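Trainee: First, the structure itself, so that you have it in front of you.
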Amino acid sequence: MAIYYKFKSARDYDTISMDGPFITVGLLKEKIYETKHLGSGKDLDIVISNAQTNEEYLDEAMLIPKNTSVLIRRVPGRPRIRIITREEPRVEDKVENVQADMNNVITADASPVEDEFDEFGNDLYSIPDAPAVHSNNLCHDSAPADDEETKLKALIDTPALDWHQQGADSFGPGRGYGRGMAGRMGGRGFGMERTTPPPGYVCHRCNVSGHFIQHCSTNGNPNFDVKRVKPPTGIPKSMLMATPNGSYSLPSGAVAVLKPNEDAFEKEMEGLTSTTRSVGEFPPELKCPLCKEVMRDAALASKCCLKSYCDKCIRDHIIAKSMCVCGATHVLADDLLPNKTLRDTINRILESGNSSAENAGSMCQVQDMESVRCPPPKALSPTTSAASGGEKKPAPSNNNETSTLKPSIEIAEITSAWASAEIVKVEKPVDASANIQGSSNGKEAAVSQLNTQPPKEEMPQQVASGEQGKRKKKKPRMSGTDLAGPDYMMPMGPGPGNQYFNGFQPGFNGVQHGFNGVQPGFNGFHHGFNGFPGPFPGAMPPFVGYGFGGVIHPDPFAAQGFGFPNIPPPYRDLAEMGNRMNLQHPIMGREEFEAKKTEMKRKRENEIRRSEGGNVVRDSEKSRIMNNSAVTSSPVKPKSRQGPPPPISSDYDRRRRSDRSSPERQSSRRFTSPPRSSSRKSERDRHHDLDSEHDRRRDRPRETDRKHRKRSEKSSSDPTVEIDDNNKSNVFTRISFPEESSGKQRKTSKSSPAPPESSVAPVSSGRRHHSRREREMVEYDSSDDEDRHFKRKPSRYKRSPSVAPSDAGDEHFRHSKRSKGERARA
């Protein structure tokens, strides 16, 4: 059996066991206090209510049945019942009498103690000395001797012993009670306020006992204020100055204060004065004509004189006299306009706080409002700056120039006391008529003044310490168009013409329109150079790669073919000779350039192979067709069937043998074959081979023509020369059977005589000689292979005069060679 309970804020129920079927409310509260550790129940109370019916059990004797669920909540405890004791007035009267007698005795004896201690209770933990004990004895003597209780009470209430013993009739449990009762609420204790101080308490303001200090009648009177001094810890005596109103106590008993630091104060004041301006430093344009001070809230008299004044000064003047300073009487105070420009100028000068002439000159720009009514035409004045001579130079004008207009703009630089070397610049406008009539005269005068101006002397400027910068003087510089021939360093730009003649602009492929006269940079040069009229009327002649007097760079001039070198190197792109002439192509990188270069080389090699291979094939085809036609001709005419061979002299045989043995000829034949690209060759070797091959191909026609002329001359002079029989025959004829060799020898001996001269006349065309040259090289290669395989003896190179060559043998030799070359090519 149990009772279920929980707080309202709890989630689960707790149980309290019980013995019977019922339990009282008081017993249930005690068990709840015990289980929840709520103390004895004196500080708080618990209200119990039914969880289902919300019925509160207010009576502690009320019975609660078992298995009931209740809710509990805490409430403040009930007020305690005070204990009231009966007072004994007789004992109190005796105590008061005893205390009154003791106060009289203590007041008389405690005077030396007050001299030693400035207040009672300062030395709280000292042992009472003999006079205090003597006063206690006197108090006991004054009390009745037969009353023991009175003596004990008097001993307990002795004021000298209040610091270590607390009376039973104290009004609060505070710790501070009895330790100098000068504070509110009985010192640092608390409780009900005590209006009557304890015996022996003396007010510190008036030195009268009977009241606390907060009840003293002298509160608020400065004559009774207590001065508190402190020791000058860490302060040297040299920095202390004795005064009656000091706060530091000196060893002599006087009081002192700190001396002011004059040096630091002067430095601070100097810093403040350096950032402020005096009234005399401001220009007169910023001062009010009435008060002679810097204008405050500058206002403009818009109806009369258009001058600026202080707003207060001019307003008071108009209200008092009903007239302006200039004498106009039709003005009102409402007609004044604020001069914003002047106000901003004054504010900037005051805020700047420095004496820089640059800042002052830029800020002190005063514009008179008369220019608003009569704005003069803006014109440049030809007067030079007054910085050179220190004097103002008037602008040149005509005699009939009117002087009715006042100067509209005056720019003055502030001349301060520490910057006395500044120069005032005044810029005056020029009349419109004077500008129109004398513009040319003024321009000439300005130019003459600029040219004839003496050298300026630099005047030293005395600048203050707070100045931020110096005024920079602009030096006159010549314009770019006035430069002549010596300054011809003009960059190569995209313009159509170059006025300084330092080469040609890109994109001018031989046509330039900028050379129809003498260029501006050529002072003193005539139209034609050294008698050359030039390709255009009055233009420069084409300089074929030659520099002219150090002015013209010897780089390409205009067209591509007019530059160095005159003969371009082999396999060079002519566009490379120009100065970036091929601008239509985009700028390529190094990789793209190398790839393009390799591709061009490969194309050239392919062209060379095709040209050489085509010539050889064409020559071989021609010879084969001729032989076939000779073989297939009519058998009636055997001589016409066999074409007469060309005359071959002994010189030709010797030249062939020398060509076979000479390394130059071998190298030339080696290069006639298509070049094989080797991966081991570097780029430099490949370029070198291509250049050398190009040179040999270029020299090959000349050598062929020269040899042909020699052969033609010899053949014409000696047409009946016998044909040498030492020509090489085919390898198959040399290894044939004896019957065939003897038959061939007989056939050769019966050959016909030499053909006429007209049939062997050489053809003068280069193609014919070139094809013959190719045939000879092919024949030599085949014979060389035969010699290498069959190891020919050196005796075969010797001539045998006994055997005469025949036409049939020579024709058979050539036919066999051609057929072998064709078979090898196929």
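Cβ coordinates are placed from backbone N, Cα and C, and glycine is handled just like the others.
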Trainee: Examine the ranges 84-91, 260-267, 348-355, 668-675 and name the one recorded by Swiss-Prot as motif 'Nuclear localization signal 1'.
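Mentor: The listed stretch tagged motif 'Nuclear localization signal 1' in Swiss-Prot is 668-675.
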Trainee: Could you give me the DSSP helix, strand and coil counts for the zinc finger (203-216)?
Mentor: 3 helix, 1 strand, 10 coil
Trainee: With DSSP helix as H/G/I and strand as E/B, how many residues of the domain 'DWNN' (3-76) fall in helix, strand and coil?
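Mentor: Taking each residue of the domain 'DWNN' (3-76) in turn, the totals are 12 helix, 32 strand, 30 coil.
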Trainee: Using DSSP, what is the helix/strand/coil residue split across the motif 'Nuclear localization signal 2' (695-702)?
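Mentor: Per-class counts: 8 helix, 0 strand, 0 coil.
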